[in-house]
Structures are given as C-alpha cells and as structure tokens.
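The following feature annotations were taken from TrEMBL:
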SIGNAL    1-25  signal peptide
DOMAIN    31-134  domain 'Cytochrome c'
BINDING   Cys45, Cys48, His49  heme c 1 binding site
DOMAIN    171-286  domain 'Cytochrome c'
BINDING   Cys192, Cys195, His196  heme c 2 binding site
DOMAIN    342-430  domain 'Cytochrome c'
BINDING   Cys355, Cys358, His359  heme c 3 binding site
TRANSMEM  461-480  transmembrane segment
Amino acid sequence: MRKLHALKLAATALLLAAGTSGAIAAQTSDPLAAKGEYIARAADCAACHTLKGGKPFAGGYAIASPLGTIYATNITPSKTAGIGNWTEAQFARAVREGVSADGHHLYPAMPYPDYAGISDSDMHALYTYMTTQVAPVDGQAAHVTALGFPYGIRSSMALWNLLYLKSPSHADVDAGNTLARGRYLVNALGHCSSCHTPRNLLMATDNSRYLAGADVAGWHAPNISSDPVAGIGGWSEGELAGFLKTGHAAGKAQAAGGMAEAVENSLRYLSDSDLHAMAAYLKSVPAQHDPAVTHPAYGYGQAPARIYDLDNAPSRKSLDAAAASTPIGEALLASRTYTDLPNVTEGARLFTDACASCHQPSGAGTEDHYYPSLYHNSATGGVTANNLVMAILHGVDRTGADGPTYMPAFDRDMNDAQIAAVSNFVASSYGNPALKVDAAQVKMLRAGGPPPALKLWMPRLLALGAIVILLLAGLLITLLRRKRSR
Ligand code: HEC
Ligand code: HEC
Ligand code: HEC
C-alpha cells in the first residue's frame, strides 16, 4: 500500500511540475498531423487497434463479441498488411460506413455507426496522421476473425447498414457552440453510445433509449442522460469533466473496465475545454427516466458513527463494546480474535481480510479519496451489482491525467460464493440494500456476462428458418405431384 501511495505521490508531483491544465502534447510538429493525432485520441482508435505492449495500430486486439471473437486489424500504413495502399476515400468509407477497401463489410465491433458523423476536415487530418506519422508494421495480426454460421456471412451487414446506418452531415461544427462541440465529441468521436445505449435484438443501439445505460461484457455502463435520479443530472459539470479526465469523482464514481480504457487511451488526452463541452452536452441530453430507480446510484449510505482502528488501544476498547451491535465491529473481531463468533457473516469476514486495509473498516476510504469510500459510490448503489462484482473480480488498473490508480483483482483468490458473500456485505452495509448477488450470477459475470438476445434467439430462428424451408419444399413437391397426376 505504501508503495502505491509513493507511486501516486511521485506521479502527482510530476504532473504538477508539467502543468495539468492543457491536453498532453502531440508527438508531431506538422499541425495537420497533430490535429489528426488528437482526433485519433478522441475517437480512441488505439483502444482496439493497438495491443497492450504491442506496436501502435498493428491490430490483434480480441473483442469478445457475444457472437464470437472479432479481432481488430492492422491499420498501420504497411502496403502489405495495413492500409498503405488505401486512398483517403477508401479510408473514410471504412471508418464511416464499415466497408473495407476490397469491398468486404466490417462488423460493427468497429464503431463505424458512430464514426459516420466524423467531419470531412477531421477525416482528412486523421488520414494524414495515420498514413504519415504511424510506423508501418508488415505482419498480419496473429489472429483473424472467423465467426461461425450465420454470423460469418459478412454481406448480411449490408442489410443491417440499410436498417441502422445513418448518413449525418460532414460539415464542421461551429467552434463557438459548446453544446454542438460536446455533442460531436460524445457521439461522432467518443462513441459513448456504443457502450452506454442499450441494443435491440439485432445488436443496433436503440436510440429511443439514448445513453440510458447498458450491459457490456459483464460491466454495466450506467445511465448518463441528464435524469437527476437515474442519470448524471445530479453531477456538476466540473465533476463530470474531472471524471472523464482522471477516472474518478469523489463521492460519485470511479472508472474501471471499458471506462478505464476510455480514460487511459483517450479522454485524459483531451483539452479541458473539450471535456467541459462534453460534460455540458451530457447535462443537456433528454432525461431517460426509470421509475424503478428511487435514489441516485451515488446517493446511498452514510458514514458509520464510529471508525474502528485495531492498532489503537482506546479504539480497540470501543470496538469490543460495539462489536455485538454493528456488523463491521463483529467482522473485525471475527477476523482478528473471535473467529468462531456464530453470527459473523462470511461476507463481513472476507471484507475485513481483503478490503478493509484500503477501503477502511468503516468503508469510508481514505481522506484523499485515493482509496474511495464504498458509500456515495455508484458501484455499490446502482440498479445492478455488476460493477461491484466485476471490480472485485478484475480490480482497477487505470492511468488518468492525475496518475495511476490500482486495486488488485480477486478473481483467483476468491471463489464465486465468496465474491457473492463479500458483494452482499458491501451492498447491504454501504450501498443499495436491495442488491442481492448469488454465486451463479458471479459465475456468469466471470464468464463475460449474459449472452445477448440475438445469440439466445438465433438457434430458434435458425430452427424456424429450417422449418419454413421444409414446409415450402413440401408444398412445392405436393404442387408438382398434383400437376403430374393431372
Ligand atoms: C471498439 C473497437 C474499435 C475502435 C474504437 C476502432 N476500431 Fe477500427 N476496427 C475494429 C475491428 C474489430 C475491425 C475489424 C472488423 C471486422 O473484421 O469486421 C476494425 C477495422 C477497421 C478498418 C478496416 C481495416 C481493413 O483492413 O479492412 C479500418 C480502416 C479501421 N478499423 C480504422 C479505425 C479508425 C481510424 C479508428 C478510430 C477513428 C478505429 N478504427 C477505431 C475495431 C475498432
Ligand atoms: C467501452 C465501453 C465504454 C465506453 C466507450 C464509454 N463508457 Fe462510460 N462507462 C462504461 C462503464 C462500464 C462504466 C462503469 C465503470 C465503473 O463503474 O467502474 C462507465 C461509467 C461512466 C460514467 C460514470 C457514471 C456513473 O453514474 O457512475 C460516466 C459519466 C461515463 N461513463 C461517461 C462516458 C462518456 C462521456 C463516454 C464517451 C466519451 C463513455 N463513458 C464511453 C463503459 C464505457
Ligand atoms: C490495495 C487496496 C485495495 C484493496 C485491497 C481493495 N480495493 Fe477496492 N479500490 C481500490 C482503489 C484504488 C479503487 C479505485 C479508486 C479510483 O478509481 O479512484 C478501488 C475501487 C473499488 C470499487 C469501485 C469500483 C468501480 O468500478 O467503481 C469498489 C466497489 C471496491 N473497490 C470494492 C472493494 C472490495 C469489495 C474489496 C475487497 C474484496 C476491495 N475493494 C479491495 C483499492 C483497493
């Protein structure tokens, strides 16, 4: 823990020395390419096209789509393995319409339905950056996408595009219009909708529920519409901009999972004025009300009256006195001395052993919020316990504009029942007491979350298709026989 603190202090000092107010500087002196680099950051092209520790834009990142694994391709300017022979028009068509230079359709794991709105001048800058500043890598990515039947039929995407692909204007937004700039950054570049908007049966975003929250690979990307209870209406613009820049807002939320990647690869590089434009726009998005939600996700819980410190004698005494009446006191006693107390829950015991050293026995976290409070925290008070469970399974590992943040993953140290127990303890002590988790749910989240409706229905649809074909064939044969017998 000390090490982490030292690391954090060093990182903060470095950032303070460098000045944190503006965006992180571009790598090139050519202004057009530098603009393109900023677009590539804002659109987070590297998130999928660069493997962690691999060569920039050389591809290979596996996207565990529920329909099968889809691999991002090499988009370096290599003439043999990348886009080195592509014209700007071919590049723009792939990015906005999902059609590769040789005419094959891309799966929307590449977020072209969002990029459809990228302006002509930004596309030109992006193409210039990708083809002049990125080092060519001549090897194909180690894995190529091969989905099973029927998802492997790429031409079916043409029909999908006909149904769902929009063709918005490609003019530049007025630089002085903050809300228009924010909308452009959130929609066309940031593709926030690709995680935060629910999808329909055919996996297209359901725009009638724009930013109403959705499940992504086990995590829940929350409602970020302006609704004051179900969404982010209660966040200030500063809190939102700060969250996007650093990955946390004290007393509100932290970014783990896909959101941590968005902060680390993309959002921490954006200028403060762009981050504020995004925040202002989000606060203007029509509210997606949810009658089932009665509290803001960060609105649950309050500091317990007593904070227990085992290394301090007077506190230890009051702990003994309090032990019988509060679950936290019981848990502490249980883990250190009275392990056989019959009424101590498994969850309380696990919390004391595995979590309290950082989040504090009270759950209040540390004063500097580096170890966050578990109450007033959207991961423990939301409509689902998914992010609580996923954070325990996979931890938090993120670098924001204020430096690195780390919580260990417990996926190897705790089994499904234990994670369920500690999650229930955390939710009932600090968060939304209505949240209940069982081992089966943890098992499902460990495996990457529930399959989408399309996957659940496809065997039935295929079976239905087969029946329809058989019926038609039968009808045809009967008709032919009748004709012959006549
Ligand atoms: C969320 C992940 C993701 C992001 C973000 C993303 N891509 Fe992709 N991209 C993919 C995947 C996956 C494919 C391959 C799709 C397929 O095989 O059907 C792809 C394919 C492409 C292709 C086609 C390459 C070829 O050989 O056919 C181009 C060009 C491309 N991406 C450019 C970009 C650019 C430029 C950006 C940023 C503006 C970007 N991508 C952002 C996932 C992503
Ligand atoms: C790859 C998927 C993904 C993308 C893309 C994404 N998010 Fe998120 N977002 C998430 C997840 C998952 C969480 C929950 C993180 C957690 O609790 O650890 C989240 C959390 C948030 C929160 C906190 C909400 C709360 O109530 O706790 C905000 C605000 C947010 N995202 C805004 C954005 C914006 C703005 C964009 C676009 C620039 C964006 N996100 C893009 C997945 C994503
Ligand atoms: C080594 C210190 C450490 C330990 C041990 C630890 N955490 Fe954390 N936890 C953190 C840090 C750091 C964060 C992220 C803070 C941030 O993003 O600013 C975090 C974040 C969280 C979050 C919010 C996650 C999200 O996605 O929003 C939850 C919930 C959480 N921890 C619960 C737990 C539980 C339950 C345990 C025990 C099983 C635990 N933590 C153990 C340090 C720790």
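From the backbone N, Cα and C atoms, a Cβ is placed for every residue, glycine too.
Any TrEMBL annotation is an automated prediction that lacks curation.
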For the binding-site residues His49, His196, His359, which one has the sparsest Cβ surroundings, going by other Cβ atoms within 10 Å?
His359
In three-state terms from DSSP, label Cys192 (heme c 2 binding site) for me.
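Assignment for Cys192 (heme c 2 binding site) reads coil.
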Sorry to bug you, but what's the C-alpha spacing from Cys195 (heme c 2 binding site) to Cys48 (heme c 1 binding site), rounded to the closest Å?
14
Given the binding-site residues Cys45, Cys358, which one is most crowded in terms of C-beta atoms within 10 angstroms?
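Going through Cys45, Cys358 one by one, the largest Cβ count within 10 Å is at Cys45.
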Cα-Cα separation of Cys195 (heme c 2 binding site) and Cys45 (heme c 1 binding site), in Å?
15
Which binding-site residues of Cys45, Cys48, His49, Cys195, Cys355, Cys358 contact ligand 3 in the sense of C-beta under 6 Å?
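Only Cys355, Cys358 meet the Cβ criterion.
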Consider only the binding-site residues Cys45, Cys48, Cys192, Cys195: which of them have a Cβ under 6 Å from an atom of ligand 1? Write none if no residue does.
Cys45, Cys48
About how far apart, in whole Å, are the alpha carbons (Cα) of Cys358 (heme c 3 binding site) and Cys192 (heme c 2 binding site)?
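Cys192 (heme c 2 binding site) has its Cα 31 Å from the Cα of Cys358 (heme c 3 binding site).
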Which of the binding-site residues Cys45, His49, Cys192, His196 has its Cα closest in space to the Cα of Cys355 (heme c 3 binding site)?
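So, spelling it out, the nearest of the binding-site residues is His196.
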What other residues of the same chain, not counting Cys192, Cys195, His196, have a CB atom within 8 A of the CB centroid of the heme c 2 site?
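Here the non-site neighbours turn out to be His191, Ser193, Ser194, Thr197, Leu211, Ala214, Ala221, Ile224.
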Between the Cα atoms of Cys192 (heme c 2 binding site) and Cys45 (heme c 1 binding site), what distance do you get, rounded to the nearest Å?
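Taking the Cα atoms only, Cys192 (heme c 2 binding site) lies 13 Å from Cys45 (heme c 1 binding site).
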Measure from the Cβ of Cys195 (heme c 2 binding site) and count the other Cβ atoms within 10 Å, all protein chains considered.
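Other Cβ atoms within 10 Å of Cys195 (heme c 2 binding site): 23.
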For His359 (heme c 3 binding site) and His196 (heme c 2 binding site), what Cα-Cα distance in Å is obtained after rounding to a whole number?
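Here the two Cα atoms are 28 Å apart.
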Same chain, not part of Cys355, Cys358, His359: whose C-beta falls within 8 angstroms of the C-beta centre of the heme c 3 site? Give them in sequence order.
Phe351, Ala354, Ala356, Ser357, Gln360, Gly363, Gly365, Tyr371, Leu374, Met407
Which residue counts does DSSP yield for the domain 'Cytochrome c' (342-430) in the helix, strand and coil classes, in that order?
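For that range the per-state counts are 41 helix, 10 strand, 38 coil.
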